[in-house]
Structure formats: structure tokens, C-alpha cells
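Novice: Provided herewith is a single structure, encoded as C-alpha cells, for subsequent inquiry.
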Ligand code: PLP
């Protein structure tokens with residue numbers, strides 16, 4: 001039976017990428033050796049790293065604009081501390097839009113003064129704070145573009161002179177925007193790019209070297225830039241798969257093309273949530289995420305029937321996170337529109353049956 005993977009993670013990837021990746025594990029580039037066995041210093045793998053780095057910049061429209069792309073390890077959680085280690089001298093601002101933003105903020109507190117410029121904790125992070133003031137003396141402002149757990153997404157980014165850092169782990173490469181408004185973007189590869197194990201960091205070089213503390217080599221963006229993302233053994237498989245996904249995206253027509261599909265998927269699901277009296281959306285409408293839709297059932301007694309119907313339709317991974325409850329349908333780049341259609345059919349069938 002065809003499966004429809006709405007899981008929030010670790011990742012969902014295009015089928016053709018999975019096939020190519022499995023082939024490379026058996027025999028990479030016709031070398032008679034596995035991708036994961038060859039030297040990461042070999043010309044075959046260096047070409048993969050170079051391609052992955054340049055494609056990331058190209059797709060984001062940041063080539064030739066003073067940015068460097070790195071594929072690091074330690075997950076997006078490592079960036080919570082690396083950002084502060086490399087950029088926080090005195091004071092940083094954080095917009096607290098949920099669990100991940102909160103974790104990033106807590107890590108930064110180990111390095112200097114941190115202020116919460118805004119927070120939506122008062123309503124269990126169901127909206128994106130607006131109209132907040134950004135002090136003029138920040139070393140940087142940290143935002144989380146998409147809140148994976150709560151299903152909210154920043155639609156309009158603040159205009160600010162402050163150095164802008166953004167965690168785009170769960171919506172990178174999913175929608176068009178002027179990426180040059182950010183000075184540092186990071187995103188765990190999992191979800192829209194590749195298997196867990198590598199993190200994309202895109203950083204404007206001119207913002208580095210401004211802090212007075214000594215930075216351990218592994219945590220120093222400058223070291224990773226100098227070593228072309230090969231300071232230590234890179235996560236060869238996740239980087240290779242990320243490269244394949246970025247090639248897939250480029251062939252599809254880049255971010256503009258995937259954004260159109262993502263809009264269709266989100267509209268289809270949210271209009272069912274709004275029209276069907278059995279479901280309630282969790283996030284405020286204007287802040288709804290196109291990647292993770294969070295919703296609850298109006299009548300708890302229908303839970304078992306709904307879940308059984310989902311199972312029968314091949315729908316998997318829609319259980320909500322414990323902080324929100326209910327359901328979360330994640331619609332990452334590689335999820336076909338057809339899968340959302342299947343979920344919507346089940347939801348309307350439930351209404352007919354109830
Ligand atoms: N930031 C966001 C927005 C996330 O969704 C996640 C994980 O889902 C993280 C950070 C943490 O990523 P990692 O598990 O790679 O440390």
C-alpha cells in the first residue's frame with residue numbers, strides 16, 4: 001500500500017534521491033567502493049562537498065554576496081551554542097516562538113546578556129509575536145522561521161539594522177524570500193534536505209571575528225570556512241544525500257517551484273480544517289506554517305475511528321507533539337500533493353460518517 005509520510009522528522013526525501021543514495025552506498029561513481037568507505041579527502045568526495053556548498057548558496061540566491069555555506073555536525077542544537085560563541089560579545093535578542101527558540105535562548109545565556117524581544121508563551125506559542133521593539137545595541141537578533149512543534153511560521157521578518165540570525169531547520173528551501181536579509185542561517189539537514197547528521201550553516205563572513213573570547217577550533221565558524229567544511233571528517237552520507245536533494249530541487253525549478261507546490265498543499269489542508277466542524281486549527285490563522293499544520297479533533301470520541309481510517313489510508317506520522325496534543329501533519333518539500341489529498345479525503349469522510 002502507498003504510504004503517506006506526514007512525520008515531523010527526521011526527514012522526508014524524494015524517492016529518486018533515496019534510490020540514488022542507496023546505489024551510492026553500494027557503488028559510488030562506479031569506483032567499486034561505497035560512498036561511505038572512500039576517503040573524504042578523495043577528489044570524488046571533495047567534489048560532493050563543493051557541489052553541496054555551492055548549490056545551497058545558489059538556491060538561496062546568495063552566491064557572490066560574501067556568504068559561505070558549511071555542512072557541520074552536532075545538529076541545529078549545536079548551532080544554538082555556536083552562534084552565541086561566535087557572535088555574542090555583550091547582548092543578544094531572541095524572539096521566543098517555541099521550544100526550539102527557547103532552547104537556543106537558554107544556550108546563549110551562557111555567553112552573555114540575552115533579552116527576549118518578544119514571546120508567545122502566554123498562548124502556548126500558537127502565534128508569532130508582532131510589534132516588538134528591537135534594541136539598537138544588540139550583537140544579533142535570533143529568530144526561528146518555522147516552529148516545527150507548534151505549527152507557526154514567520155511570514156514577515158522585521159526590518160532591522162541588527163545582525164540577523166535565523167534557525168530555518170524546518171522550512172529551509174521551502175519558500176522564496178530575500179535571504180540576504182539574514183547574516184547567518186542554520187538548518188539541520190533533516191526535514192527538507194537530507195538524513196540527520198549534518199547541519200547547513202550559511203554565514204556572511206564579515207560578521208565573524210568580532211568577539212574577544214577564544215573559540216575552540218571545532219566551534220569556530222572561521223576555522224570551518226578556512227578548511228572548506230573539512231576541518232574534521234564530515235558526515236559523508238548526509239552531505240551526499242543533501243547534495244542530491246538540492247540537485248533535485250534545482251531540476252524542479254528551485255525554491256519558486258517548490259513554494260508553489262507547498263502553497264497548494266497547505267491551502268488544501270487548512271481549508272479542510274476550517275470547513276470541517278470536526279477539526280480545529282491550533283495556530284492563529286495568519287501565522288500558520290506551510291510545513292507543519294497543527295490541529296485537534298473537536299470530539300475526542302472520534303479519535304480511534306479517525307486514527308484507524310488514517311491507518312487504512314496509509315497515512316503515518318500525524319500524531320501531535322505532546323506540547324500541543326492532537327495532530328500535526330508535516331508537509332515538507334518531498335511530500336506529494338497527493339498525500340495531502342488523501343488526508344483531506346479521510347477528514348471529510350469522517351465528517352460524513354460522524
Ligand atoms: N530547530 C528547529 C526549528 C527544529 O525543528 C529542530 C528539530 O526538530 C531543532 C532546531 C533541533 O535540531 P537537531 O535535532 O538537529 O539538534
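Just so it is clear, glycine is given a Cβ too, placed from its N, Cα and C backbone atoms.
Sequence annotations record features per position, and here TrEMBL assigns domain 'Aminotransferase class V' to 5-340. TrEMBL lists 41 with the feature L-glutamate binding site. Residues or ranges marked as pyridoxal 5'-phosphate binding site by TrEMBL: 76, 77, 100, 148, 167, 190, 232, 233. Per TrEMBL, N6-(pyridoxal phosphate)lysine is recorded for 191.
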Novice: Determine the minimum-neighbour residue: among 41, 191, listed as recorded positions, which Cβ has the fewest other Cβ atoms within 10 angstroms?
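Specialist: Per-residue Cβ counts within 10 Å for the recorded positions 41, 191 bottom out at 41.
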Novice: What does DSSP say about residue 167 (pyridoxal 5'-phosphate binding site): helix, strand or coil?
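Specialist: The three-state answer is strand.
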Novice: Which site among 77, 190, 232 has the most other CB atoms no more than 10 Å from its CB, taking these as binding-site residues?
Specialist: 190
Novice: Please identify, from the binding-site residues 148, 167, the residue with the sparsest Cβ neighbourhood, meaning fewest other Cβ atoms within 10 angstroms.
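Specialist: Counting other Cβ atoms within 10 Å of each of the binding-site residues 148, 167, the minimum falls on 148.
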Novice: Out of 76, 100, 233, which of these binding-site residues shows the lowest number of other CB atoms within 10 Å of its CB?
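Specialist: Lowest Cβ count within 10 Å among the binding-site residues (76, 100, 233) is 233.
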Novice: Grab the pyridoxal 5'-phosphate binding residues from the record (76, 77, 100, 148, 167, 190, 232, 233) and give me their largest CA-CA distance in Å.
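Specialist: Largest pairwise Cα separation, rounded: 30 Å.
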Novice: Among 77, 232, 233, which binding-site residues lie by ligand 1, judged by Cβ under 6 Å to any atom?
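Specialist: 77, in sequence order.
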